[in-house]
Amino acid sequence: MSTFHNVCSVPSSLWLTGIPGLETLHIWLSIPFGSMYLVAVVGNITILAVVRVERSLHQPMYFFLCMLAVIDLVLSTSTMPKLLAIFWFGAGHIGLDACLCQMFLIHCFATVESGIFLAMAFDRYVAICNPLRHSMVLTQTVVGRLGLAAVLRGVLYIGPLPLMIRLRLPLYKTRVISHSYCEHMAVVALTCGDSRVNNVYGLSIGFLVLILDSAAIAASYVMIFRAVMGLATPEARLKTLGTCGSHICAILIFYVPIAVSSLIHRFGHQVPPPIHTLLANFYLLIPPILNPIVYAVRTKQIRDRLLQILKTGTKIR
C-alpha cells in the first residue's frame, strides 16, 4: 500500500484499509463474509422469485417484503464485493466520487428500509384494526406509492450528505479511511476544515430515521395489541398476533444492530477499531441474511412453495 502524507490536498481517490488492526487475517475473514454475502444474495433472490410465481402471495405484506429484498440486495452489494476485493487482492483504492456514491447508497437505502418497515406496520395496523377495509385502503397503487415515498424520503434525507462533503470540505488531510467502506463519519474525519454542519446534519437524520420511525412503529403496535386484546378467545389472539411475528422479528433484526453500532460509534471510545468496523459490516449483512430466513420459516405459503421446489428438484435428480 502506498504511503500518504498528512497534508491538506484535493485527492482524486481514497484508500480503504478493510478491517483495521486485522489486516493479517483478511484472507481468513473473507470466508465468513463471503459465505454470508452468498446466503444474503441467494435468500433474497429466492424470496423475490417465490412471491413472483405464487399468486396467493400477491398481497400488500409480500409486496413490501419484495421491496425489503431489493433493498437488502442493494445494501449488501454496495459494500461486500469491495470488501472481498480488499480481503483477497488488497484492492483498497477507491475513487473519491465512487466513495461518495457508495456512502449515498448505504445511507439512502438504510433510510428507505426503515421507511418500508413503517409502511409494513401501517399495513398490519389496517389488516388487524380495520380488516374489512384493508383491501380498499392498501391497493397495489397505494403500496407502490408508499414504496416510492420511502425512496424519495431516503434520497431527500441522504442526498445532501455527499454534496456537503464535496462542496464544503474539498480538502483532505489523509487519503486513508480506517474502515471497510465509505461510512459518512469515517470520510468526514479525513477532511480539513469545519465539519460541524456535516456532523449535526448526520445526527439529525439519524434521529429522524431511527427515533421517529421506531416510535411510529411502536405506536402502531400499541394500537394493534389493544385491538387483539379485545378478541374473544386466546386462540384468536394468538392467531392474529402470529400474522405480525415475522414483521416484529424483521424490525428487531434491522433496528437493534443499527442502534448498537450507533451507540458504540458515538460513545464507545474504548472499543477497539476492529470491533467498530466489524459491527458496521454486520449491521449491513445481518438483515439481508436473516429477513429471508424469518419470512421463509414463519410464512406458510413461502415455506410450502420452497418445499415444493425442493421436492421437484429431488425428483428430477
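Every residue, even glycine, has its Cβ placed from backbone N, Cα and C.
TrEMBL does not curate its annotations; it predicts them automatically.
Annotation comment: TrEMBL describes 43-295 as domain 'G-protein coupled receptors family 1 profile'.
Listed by sequence, the residues of this chain that lie at least six past the ends of the transmembrane segment (25-50) yet keep a Cβ under 8 A from its Cβ atoms are 18-19, 57, 65-66, 69-70, 72-73, 76-77, 80, 83-84, 86-88, 90, 281, 285, 288-289, 291-293, 295-296, 302, 305-306, 309. According to TrEMBL, the feature transmembrane segment maps to 25-50 (among others).
Sequence-distant neighbours of the transmembrane segment (62-91) (same chain, 6+ residues past either end, Cβ-Cβ under 8 Å): 1, 16-18, 26-27, 29-30, 33-34, 37, 40-41, 44-45, 47-48, 51, 102, 105-106, 109-110, 112-113, 116-117, 119-120, 123, 140, 143, 146-147, 150, 180-181, 250, 281, 284-285, 287-288, 291-292, 295. Sequence annotations record features per position, and here TrEMBL assigns transmembrane segment to 62-91 (among others).
The annotation transmembrane segment is assigned in TrEMBL to 103-122 (among others). Long-range Cβ contacts of the transmembrane segment (103-122) within its own chain (Cβ-Cβ under 8 Å, at least 6 residues beyond either end) map to 61, 64, 67-68, 71-72, 74-75, 78-79, 143, 146-147, 149-151, 153-155, 157-159, 161-162, 181-184, 187, 205, 209-210, 213, 216-217, 220-221, 247, 250-251, 254-255, 258, 284, 287.
The transmembrane segment annotation in TrEMBL covers 142-165 (among others). Here the transmembrane segment (142-165) has Cβ contacts under 8 Å with residues 60, 63-64, 67, 100-101, 103-104, 107-109, 111-112, 115-116, 118-119, 122, 184, 187-188, 191, 197-198, 201-202, 205, 208-209 of the same chain, all six or more residues outside its ends.
According to TrEMBL, the transmembrane segment annotation covers 205-228 (among others).
If you look up TrEMBL, you'll see 240-258 (among others) marked as transmembrane segment.
The transmembrane segment annotation in TrEMBL covers 278-297 (among others).
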